[in-house]
Each structure stands twice: as structure tokens, then as C-alpha cells.
Amino acid sequence: MAEYLTRGRYFVQQIQAPQTWEELRTVLYSKHLKPLVIYLVEDTHHPAVVNALLALKWHFATVAADDDRGVGRARGLACELVAWRFVTHLTEPDAIDFLCYELPAVSKDGNAQTSNGLDGTEEALPVPETTPLLDGGRAEPDQSFADEDEETTSPDEATSFATFFAGLNALEIAAVADAKKFLCQKSIQRVVDGIWKGDITFWETFGQHSVKQAKVYNERRSDPFCRLRVPLYSKVFEVMFFAAFLAFYYIVLEQKSAHTVTGAEIMLYIWFASFAYNEAVEFWDAGIAFYAIDFWSLWDLGIIATGVAFLVVRIVGMAKNDHELSDIAFDILSVEALFLVPRICSLLSLVPYFGTLIPCLKEMTKDFIKFLSLVAILYVGFDTTFVFLARGTMSAGKINWILIQVFFGSSYLGFGIAEEISPLLGPPLMFVFVCLTNFLLLSTLISLLSNSLTKVIEHAREEYLSVYAIFVLEASTSNRLTYFIPPLNLLPVLLRPLRLVMSAEKLRTLRIVLLKATHWPFVGLILAWERARLYWNQGRKVRPSFGLSKRGPYATRKARRDLSGMSFQQPLLATAPLQPPLDEQAHADRSCSDIPTKQLTAAPETVEALESAVHELRAQVKALASILASEKSKGQPTQ
């Protein structure tokens, strides 16, 4: 079965018809998918199990574009369901390890590579299982993703499939694969909440040999400077950065010094440079696959593009002492507000209402762009006709501008000049154009956008939690030990020339010293806030508000001692090879409670299934009791 999972054959064999999420969860799960979940929980020790399942979901969703029946989508949902059910059978520490395990890079010879956390250095890491879940080295006949036709996966395709998700953990792969059903589950959201609020940290020490690994936060063992990597705090500092950015922006536009560079303009350039450099670092660390799904990445690129255009025109204008070019530069800078003002409000994505509107806007924008192709075809046809009819009386530019005004509702302008365009054909053609644009096309567009809005609103919770997960993961994907908060991130750039004369270890130590010397006020603010919050919660006798119970900086020391004593359910990096595939029919008749060697914990999501099983068992017991009572009454002698 592990080989089937590796190549996707198991889902291809079990899912042969289109199914919805509810049908998979209630009807098909016990017979077709539960044996796989039991096998994964009982006999699989590979840390990339969840990564592989979600990567398969992405592949099935990709090939579903050519599937008219919707079978590919159903198989993708089945992958999400199996991944979710697998996580619900893990203890909390194991769930954190599986969900936060990053896939190593795959070299050309098929060996896995993993970063050791030393800012760019890598070392070879042998794959711990004989049957890797995401194999990029071997090439063999593959029928995993075929529907009816057989196909063969070439070595390049297999390697591409493995390297596409290299460096991403299971949560990031779920975001890239658009696995919203998986991300919206409570067991997954608890981990996301823990990452957001600092209960789960990826860095525990802050030294030269520190390694990135997801762990539950322990105040006594963790370095205080590691709190800078908590997404909640980094986003707060990001908002402060954008607030200062916006302040310098308004000051520069208000002063508008054409021939001199003011202090505010110099500060604006520094903020531009630090923002652009930070965005480049985030793109490099996250990768194009994860970077592209972030809604705010488009706004960040808009800020950078507008800033570069302003800087180029500004330099040319000052070099030539051209007042007109300087005015154009400030006009370009005025456009920056279109991107900068919404970007500073990006924290509103955490509010469910606004977090739901963001995917709505994305879907409506896609449909609007598609609809514009039809509008452009009709517009070009009428524009060409009117331009040639009005040849000699009106210019082409005037005709274009009038038609644009008519399209946006000023129909009286079109009827006013219709006879000037052509006494014979002008009025009837203008009447047809007004009817098409003001009634048919606009009504169709409104209906189309309304349908897009309705589709997203129907799954509002999934959409919001997906946006929330991406927002959190975007702030925690960096593999760099030393992360400088903008605009202080420009300071390490000054140290780059030292690479020519200093070793990598000494340079890394210097970066750590520089970060501690410049960021201690931020760490002090974070620690003061956590202490104040802890004191406030203890005074009110309320439980911690973090996603994981008894976790994080606000948990008591006793709770952290209890947590540190918890044992893992199973080893994460077992080097033993996979056992032979278990008999599927035997597993189909077994429940997770039948597993003798493991004490499985039921997550809240499994309560519903357990309750239904209990009700069935009660009904069977009652039926058996009635049968025994009737037999007993028949056997008694009559007096």
C-alpha cells in the first residue's frame, strides 16, 4: 500500500466516480479510505506522509482540469480526507512534527538534501525509508495518475514533481494545493494558531549551530531573541514599518521639492530599499510556488514597481535639472498610495469578514478579466465602424472617448452625435451599441460576479481559514536564523563584502551579534508584553487564549513541565524499512481501537463517527436482548 500511496495508485483504484466531500467522509470512508488511514498510523514512520498526501492532492487537482467527470477532484478530496484523519490519530507533539516537516531538496542523483539552519549551507540526508513518498530519483512505469489510459512518468517529470515542493512543509503544501478542506479542520487550525501566537516556534536557540525545527515553546530553554520570529509580533512590527513608510510618503508629497532632496525624501528612499530587499529575501525563502498564492504579494510588487519608476524619473529629472520631469516623478509617486494604503491594512485579513472578502475579490477579478475579452471584441467592432463612418468629421480619438463614455452610462452623448457620425447609419448603430453595453453586457457582468460571490460565500469559513493560514505561514517560512526587521535589514547588506576576508562561521557570528545589538529594544517590548499579559490573565483567573491549551509564553511553569514529560506516540524518523502492505480486507473490518500497540487519541472531529457507532451498537444490543427475552419466554412451562 505504501507503493500505491507513493504513486497514487491506491486513490485511483478506490475512487472511480465523482464524489463530494460529505460523500467521501460519510459513505466511502469506512470501506475505502479507513484501511489506508489505519495502515499509515500503524506501520508508517516516514515524516513526509502528510506532505505526500497533500502533494498528491495538488497533482489530482491539476489533472482534473482535463477531467470532465470530476474524478480527479474527488481523488484530491480523498487525499485531503486521509491526511486529516491521519493527523487526528496523532498526539499533539507528533502532529506538530508531521505538519511542520519540510521536504528536503532533491539532487540530480536522487539523494535528499536538507538545510541545517546555517543560512544557506546544505548537507546530504539519506531518505529514511526504502520506499520514499516523494521519489525523485527512480524512474519506473507509472500508472498512478492515469484514469483510463496508461502513461509513463519520465525521470524529469518525477524529479520535477518532487522538487516543486522542496523546502515546503505540509501546511505550506496544503496552501499551494488549495487544500481548503484540510486547512479548515480544527486539528490543523490548532497548529496554525499555535504558530501564529508563538506557542509553536521553529527556532529554540540563537547560535551558530542552531537548527530550524518546530517545537512547543519553552520559556526556560528558548532564547529571547527567537521571539522575533513569532508571526504575531513580526506582523505588528510590519504594520509599524508601513505606518512610518506612509508618514514619509505624505511628507514628501506635501513638500514636493523639485530641485533639492529633503531629509524626508532620504528616509523614504531608505524605506523603499529596505522594503524591496525584504521582499526579495521572502521570495527567495518561500519559493515562487508559495509566494504566488499570497494575496498581498501583488500589492508588494506594485509598491516596488512604482517606487523604482519614481526613483528613475526623479534621478533623470534632477540630473537634467528638468522641472517637468520632476513633476512627473511626483505624479508617479502619487500612484503609490493605491498600493501602500491597502497594504498597511493587511492585518484586517485576520478579521473573518474581511478575510472572506479577499477570496471573493480574487474570484470576481478572474471572472471580470475573462468577461473583458467579450467586451473588447464588441468594442473594437463598433469602434472601427464609427471611426470610418465619421471619417472627415471627427477624429478617431474623439470617437473612442465618446464610446467609452457611452459604455459607462452616458448614453445621451452617443445619441447626441449619432447623426454627426452618419445621418443614415449612425442613430440605429448607436441604439444597438447602447442596448448591448448598458443593458445586456452590464447585466450579464453583474450576474456573473454575483454568482462568483455566492460560490465563495457558501464556503466562507473555509475561505477565511485558508486566507488566515496563508497569512500565518507567509510570516514563518524563512529558513534564515538571523532575521532583521525592516529597515534594519539593510545593515547585514553592509557586511556582505566581509565574505571575501572572513569565514562563513565568523560572518554568521557577526550577524548574530549585530542582530542582538540592534534588536534588543524589540525583544524587550515583546517580553514586557508577554509578562504583562501573563500577569493580567493570572489576575483575572482566565485560561490562556492561545490555540494550544497550556502552551506558549502565557502557560504556567507546571503546565510546561507536564508538556515536557509527554511521550511521542511513534518515532518520526524511524530508519526501519516499511513493512509489506497489509491485507486491505482485514483492515477494512478493523477499527482504530483494535490496534494493540498504540494508544490512539481521538480528535474532536472523530466524535461524530464514534457516536454513530455507539448508537448502532446500542441498537444491536437491544435487538439481541429482545431475542433472548422471547426465547426465554418460550422455554418457560405454562402452568
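Backbone N, Cα and C atoms are what each Cβ position is placed from, and that goes for glycine too.
Not measured: the values here are computed from a predicted model.
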For the transmembrane segment entry in TrEMBL, name the matching range from 260-277, 512-529.
260-277
Taking contact to mean three or more C-beta pairs under 8 angstroms, with sequence separation of 6 or more, is the transmembrane segment (371-389) in contact with the transmembrane segment (328-351)?
no
Which range wins on Cβ pairs under 8 Å with the transmembrane segment (232-253): 260-277, 328-351, 430-449?
328-351
Beyond the flanks of the transmembrane segment (430-449) by 6 or more, those residues with Cβ under 8 Å of it:
364, 367-368, 371, 374-375, 378, 382, 403, 406-407, 409, 411, 414-415, 418, 421
Honestly, do the transmembrane segment (328-351) and the transmembrane segment (297-316) touch, with at least three Cβ pairs under 8 Å and pairs 6 or more apart in sequence?
yes
